[in-house]
Structure formats: C-alpha cells, structure tokens
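What follows is one structure encoded as structure tokens, with my remarks underneath.
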C-alpha cells in the first residue's frame, strides 16, 4: 500500500480531530438540553443497565469496524471518544437523577455540571473529596461506575489496540497512519 500524500495525511489528521470533537460536543450539548426533572427509580436503574449493555454492543460494533477500516487508528480514536463520552454522560445523568430523588444522596446538591464533574473525578480516580456519595444507593451507583471505569481502561483499551493491530495486519502493513 502506497503512503498517502501530504494533502491526504492532513485531511486524515483533521478528520481524526474534528469528528470525535463534534461527537463529544453533540453528546455534551444533548446532556445539558435533556429535560431532567425525573427521579432515580428501579426503572431508571434498569434503563441504565440496558444503556450499558447497548454501549457494550456498540463498542463491539466499533471494534469490528476498526478491523475493516482503511485507517484503523483513526477509527479507534473515534470509537474511544464516542464510547467514553457516552459512558460518562450516562453516569452523570444517573447521578443527577439520583440527587433529584434523595436529598442528601451526595455531600452537596448536584446540578448537571456538578454531576458531570463528580463523574469525571471518579473516572480519572482523582476524587478530590469535595463531592461524595452519602446514601447507600449513591454509593452503589458510584461503585458500579468504578467497575465500569476499570473495564473501559483495561478491557476496552486492550480490545481497541487488538482491533487496530488486526486492521493493520489485514492491510498487510505495520507502519503508523501518516
């Protein structure tokens, strides 16, 4: 396979940045625009579980598309940004709904930004301690996110790397996308 020319490389680099950025931006705007006046119920928990299963199915589809892609590394970046963004926003929504349900579920009332902040500090393992789960359901939900965080960081990253390797192998090349 011939190396792409300079204009093609530039176009691919722009696409590798723009598409994931637009996807994450769209998801974030949607998060802030969704009506969130409901409460966290058993139905909400089941919907969160279904959303996580759907995310796993979507991730599987992404992994297969990476193997078939002409530019597997770029496709992997898109898959990672989309999957992680969805995962984090699902938990931010759940935390926000839980805070609507139980006064004192967290150490302070959560607005959407606070819920997203808590989700991100938990995901990044920073955990500043300024917002902490206080109720048992909030702690259980946080533990579920922690387990999901480990799965994303460990297993999902491994799957993406393997999909990229297979995609490059399928094309008969080992050199990085340029």
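Each residue, glycine too, has its Cβ placed from N, Cα and C.
All TrEMBL annotations are machine predictions without curation.
For 85-165, the entry in TrEMBL reads domain 'Potassium channel'.
Annotated transmembrane segment per TrEMBL: 12-34 (among others), in sequence order.
Residues annotated as transmembrane segment in TrEMBL: 40-62 (among others). Taking Cβ pairs closer than 8 Å, the transmembrane segment (40-62) reaches residues 75, 78-79, 82-83, 86-87, 90, 94, 97-98, 100-102, 137, 148, 156, 159 in its own chain, all 6 or more past its ends.
Panel annotation: around the transmembrane segment (74-95), residues 12, 15-16, 19-21, 23-24, 27-28, 30-31, 34, 36, 40, 44, 48, 51-52, 55, 58-59, 62-63, 65-66, 106, 110, 112, 115-116, 118-120, 122-123, 138, 141, 145, 148, 152, 156-157, 160-161, 163-164, 167, 177 of the same chain, lying at least six beyond its termini, place a Cβ under 8 Å from a Cβ of the stretch. What TrEMBL records for 74-95 (among others) is transmembrane segment.
What TrEMBL records for 140-161 (among others) is transmembrane segment.
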Quickly jot the same-chain residues contacting the transmembrane segment (12-34) by Cβ under 8 Å, restricted to those at least six beyond its ends, or write none.
4, 71, 74, 77-78, 80-82, 85-86, 89, 92-93, 112, 116, 177
Run through the domain 'Potassium channel' (85-165) and tell me, per DSSP, how many residues are helix, strand and coil.
59 helix, 2 strand, 20 coil
Looking only at the domain 'Potassium channel' (85-165), what is the mean pLDDT?
93
